[in-house]
Amino acid sequence: CSFFPFVFSLKLNHTVICLCENVTRVSEFHLIGLSEDPELQPLLFGLFLSMYLVTVLGNLLITLAVSSDSHLHTPMYFFLANLSLADISFTSTTVPRMIVDIQTHSRVISYAGCLTQMSFFMFFGCLDSMLLTVMAYDRFVAICHPLHYQVIMHPRLCGSLVLLSVLISLLVSQLHNSTVLQLTYFKNVEISHFFCDPSQLLNLACSDTFTNNIVMYFVGAVSGFLPISGIFFSYYKIVSSILRVPSSGGKYKAFSTCGSHLSVVCLFYGTGLGVYLSSAVSLSPRTGAVASVAYTVVTPMLNPFIYSLRNKDIKRAMWRLFRKIV
């Protein structure tokens, strides 16, 4: 089964007792993909190519709109542009490889290629989570301390928060990578996924997992528990502040400023929880792989629509961008 990469990957990291005859040093892995049905391959190829192009184009438009419009040079849109770039990179770690595999009818990935893909997947996945937390903090300051917003969220702090998110994500990725690099023997070379899922790789490992467990619990705490706690705390303060607003119009106006972010947070963590639950109750190894499409492809694809459809400033900036291009 497959789990949300950095929040739920701990469950599979249990102690494995391997017989010597089942232990093998591997140079490559085999990805089982989403389906082996030959008739479905053209459909999957067209579907994921379309979704990938929409994801890249949508997030790229958000980034260009924010950078080209001086009215959007604010902390909220600065973080949104960085989130869009992280979404493009997050999807690009898995989908292009899967599209090529479908087209070439090959599901073999080298050991080095698998580790590289897993490292970037962890990095950009964690970066998404950290940026969502930073954006929650931005909304907390904007709603709970509106008079001091410009003073608190100055450009230097915004840049430092993004840099800190990158450094934490890099630390998480390298810690996970160093753990996997110590695993040279595996029970099997078949990964029940369409990419090198970290939890799947650890589950195939044949070694003493005590040290691995410690590292993975630390990774889970830094990249999963702490961001979720930060988001919950920020929205607890936001809701408490909004409830003190006397007029219903004021409450709606205050909450509408963080509606898009809250939608993205629910989509991001909700799909991850859905993958975890579907994998936990299903005995089919492909069920988790199919469910993982939700957070690896669908969520990054929907983020631009959520922000553009609910945000007049983004709509205006995109129209200005289109007029410049045309």
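Heads up, the Cβ atoms here are built off N, Cα and C, so glycines get one too.
On a predicted model such as this, the values are computed, not experimentally measured, just so you know.
Annotation source TrEMBL lists transmembrane segment at 43-66, 78-99, 119-137, 157-176, 214-236, 257-277, 289-309. Here TrEMBL flags 58-307 as domain 'G-protein coupled receptors family 1 profile'.
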Inset, instruction - Taking the transmembrane segment (257-277) as the first stretch and the transmembrane segment (78-99) as the second, find out whether 3 or more Cβ pairs fall under 8 Å, excluding pairs closer than 6 in sequence. - result: no
Inset, instruction - Please average pLDDT over the domain 'G-protein coupled receptors family 1 profile' (58-307) for the predicted structure. - result: 85
